[in-house]
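S.K.: Questions regarding the structure given below will be posed in turn.
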Amino acid sequence: MNPNQKIITIGSVSLTIATICFLMQIAILVTTVTLHFKQYECDSPANKQVMPCEPIIIERNITEIVYLTNTTIEKEICPKLVEYRNWSKPQCKITGFAPFSKDNSIRLSAGGDIWVTREPYVSCDPGKCYQFALGQGTTLDNKHSNDTIHDRTPHRTLLMNELGVPFHLGTRQVCIAWSSSSCHDGKAWLHVCVTGYDKNATASFIYDGRLVDSIGSWSQNILRTQESECVCINGTCTVVMTDGSASGRADTKILFIEEGKIVHISPLSGSAQHVEECSCYPRYPGVRCICRDNWKGSNRPVVDINVKDYSIDSSYVCSGLVGDTPRNNDRSSSSYCRNPNNEKGTHGVKGWAFDDGNDVWMGRTISEDSRSGYETFKVIGGWSTPNSKLQINRQVIVDSDNRSGYSGIFSVEGKSCINRCFYVELIRGREQETRVWWTSNSIVVFCGTSGTYGTGSWPDGADINLMPI
């Protein structure tokens, strides 16, 4: 090869290598620009929000490092867009209930600073469940705990902790309240907090940590609400509130709330005669509530709420095995779906049930006369057949020798269905246990399961003789 040919060959090879390097640099540049401007896909439309990181809100806080030759590129991961919950999935098919959580608050109070509470409940945001209760403004081992049997004082506040975390001194006080309800619409928490004088109380509506709206007493007789979770569908939250006699005719209204603002109020309609302390659950496209008739019936009222047109209907659970306390024994109790049964209707206790096709799952105290023991079961035809009494899948949650109290429902959305869970309030102290001067509670929580399960009893478990007086 002569010198000229060598020069041409070397030049050709050099040009080829230079071309390849140039193309590689272009590819790297294009990749860099593409990944850099990919972040603009993260921009949210006006009606979207960025999922907050807890406890400090940091958006786009995850960085993935990608190495290309000697170039380092930072690729931002888009934050998850948050939308309103619609609860459109079907209800989970269950065989019964399995243990989920127990906070042991009273036992822990024997040696620690734990709040005095009552009226607990559970509610979940899309990622986590929380327990709520109405605190008495004092811990148990504190002289202020004397005489905390009273329901309504200006010191009571709504407490909120992760489920399973007892209400210790670091617990957040969400609002001032002696009656409350809370729910998460998919974007933020709504808290309904009632406080004030019996004859002129105020309900405050707190959304995303801000006071947005309020309403005053409309019947001047202890404005009160659910003492369990409200329900939000597509941004509209519903809460049942009652003002009026606890043992006679009262004025019940259903409030529709959007981001903390009252947008509509519907009066109770249908055949229910008295409605208090409703336990509500999403039944897409509406909301269904099982409540307490404190006047005429030991069968539980049903309130059906249409979220789209604000219409309301009401009736009673058809099951002849009724859910309130006090009640007749199962042989003589009755319910015919439309009206109160007029069987030991005066007084009562907050409770729950939910429909399962034509059947009904329900919980109640084991005692017919007192808040002792707790059981769950399914009544075949209990949702559709008047006075149905065929009971299956009975479980004991708290044995009959131990105290129970209020109970309520909450719903948890899974990947393919919506599960129903419930909590039981385990009351201790006055009036029954007169060695001490306080009244407080712990809770136990169960959730629906499609699996098998065993037996047991999950009472509060504190030895009253070891407790502060």
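In case you wondered, yes, glycine gets a Cβ from its N, Cα and C as well.
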S.K.: Tell me which of CYS417, CYS421, CYS447 Swiss-Prot records as disulfide-bonded to CYS92.
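M.R.: Answer per the record: CYS417.
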S.K.: Which candidate from ASP251, ASP324, ASP330 does Swiss-Prot annotate alongside ASP293, GLY297 at the Ca(2+) binding site?
M.R.: ASP324
S.K.: Pick from CYS183, CYS193, CYS278: which cysteine does Swiss-Prot list as forming a disulfide with CYS230?
M.R.: CYS183
S.K.: Which of CYS278, CYS318 is the other half of the disulfide bond that Swiss-Prot records for CYS291?
M.R.: CYS278
S.K.: Hey, how far is CYS183 (disulfide bond) from ASP293 (Ca(2+) binding site), Cα to Cα, in Å?
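M.R.: The separation of the Cα atoms works out to 23 Å.
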S.K.: With DSSP assignments reduced to helix, strand and coil, which class does CYS289 (disulfide bond) get?
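M.R.: Note: CYS289 (disulfide bond) is in a strand by DSSP.
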S.K.: So if I measure Cβ to Cβ from ASP324 (Ca(2+) binding site) and keep only same-chain residues at least 6 apart in sequence, which ones fall under 8 Å?
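M.R.: ARG292, ASP293, GLY297, SER298, ASN299, ARG300, LYS344, GLY348, VAL349, GLY351, ARG364 - these are the non-local Cβ neighbours of ASP324 (Ca(2+) binding site), listed in sequence order.
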S.K.: Looking only at CYS237, CYS447, the disulfide-bonded residues on record, which one has the least crowded Cβ, with the fewest other Cβ atoms within 10 Å?
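M.R.: Looking at the disulfide-bonded residues CYS237, CYS447, the Cβ with the fewest others within 10 Å is that of CYS447.
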S.K.: Spatially speaking, which of the disulfide-bonded residues CYS124, CYS129, CYS337, CYS447 is closest to CYS291 (disulfide bond)? Use C-alpha to C-alpha, please.
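M.R.: Nearest candidate: CYS337.
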S.K.: Find the one among the disulfide-bonded residues CYS124, CYS318, CYS337, CYS421, CYS447 whose C-alpha lies closest to that of CYS232 (disulfide bond).
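M.R.: Closest by Cα: CYS124.
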